[in-house]
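Novice: One structure follows; several queries about it will come next.
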Amino acid sequence: MKPIYGLIGNPVAHSMSPDIHNAALKDLSLEGHYHAFRVENEDLEDAVKGMRALGIQGFNVTVPHKVSIMKHLDRIDESAEALGAVNTVRREKEGLVGYNTDGAGFLKSLKPSLDRPLSELSILLIGAGGAARAIFTTLAAETPKRLDVANRTPEKALAFTQRFDGEARALSLQEAEADLSAYDIVIQTTSVGMHPNVEAAPLSLANAKETCLVCDIIYNPLKTALLHEAEAKGLKTLDGVGMFIGQAALAFELWTGHEPNMEKMKSIVLQQLGGKSC
């Protein structure tokens, strides 16, 4: 049987993971097929059992399962354990093993947009889910000047900031919005603004300073409501395409042992979205 790869999450109808992974398999003349599976929270355990039964070689994990998937796996890679979330699963001799390529993928996309080292910058991270965990831990290793986390429930954000040795605060979204002028970088990691709820934004950028870089890890739509507001204010922006491609390429290599052509992956995404990346 040809190898099967996949994606589990909810929603997944918008995902371009099947497009880029299937194109990469074809480009490298590798057998296999990648398919997206919509999985509700209450069905996650059964879905993982199904992955085992079907002999699926590897799969990506997206919202809302990046944290809850961990208890259903046979082993968690050390880096994913430290990040507290899994976005990639590979079938190995010992069973299903969880990895995380989110943090490395995001950092790879962020650095070309910076004119100073992260150690000189104050950062606001919006959200406290699986992707936020990965990005927070990766950024913390870069020792930024300040690394605050804002979330609808500040208690969840507090669990992040307590792990950082430097200056960090856990904030409500309202508190972050009021103090937005303190940040050089704002990073939006939640599903707010994702297709089909494209008019939504987690907070207003009214108080952001002129030099602020606004990042949104969502890539569909290419420009979220938050990024549209940032552009209208003349702020620099970074969409989620770079992170999406970066983490996908790392996952693909984990499964197949082959490095995909990232430029081809990016061109597929931009063609599907009908625009140019920020």
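In case you wondered, yes, glycine gets a Cβ from its N, Cα and C as well.
These came from Swiss-Prot, pasted as-is:
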ACT_SITE  K66  active site, proton acceptor
BINDING   S15, M16, S17, T62, N87, D102, Y219  shikimate binding site
BINDING   E78, G127, A128, G129, G130, A131, N151, R152, T153, P154, E155, K156, I217, G240  NADP(+) binding site
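Situate these features within the shown structure.
Specialist: K66 (active site, proton acceptor) has a Cβ environment of 27 other Cβ atoms inside 10 Å.
Under the DSSP three-state reduction, D102 (shikimate binding site) is assigned to helix. D102 (shikimate binding site): 33 other CB atoms within 10 A of its CB, across all protein chains.
For T153 (NADP(+) binding site), applying a Cβ distance below 8 Å and a minimum sequence separation of six or more within one chain yields A128.
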Novice: Among all protein chains shown, how many Cβ atoms are found within 10 Å of the Cβ of E155 (NADP(+) binding site), not counting that one?
Specialist: 9
Novice: Using CB atoms and a 10 A radius, I'd like the single residue among the binding-site residues S15, S17, T62, N87 with the highest neighbour count.
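Specialist: Highest number of other Cβ atoms within 10 Å: N87.
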Novice: So how far apart do the NADP(+) binders E78, G127, A128, G129, G130, A131, N151, R152, T153, P154, E155, K156, I217, G240 get, largest Cα to Cα in Å?
Specialist: 29
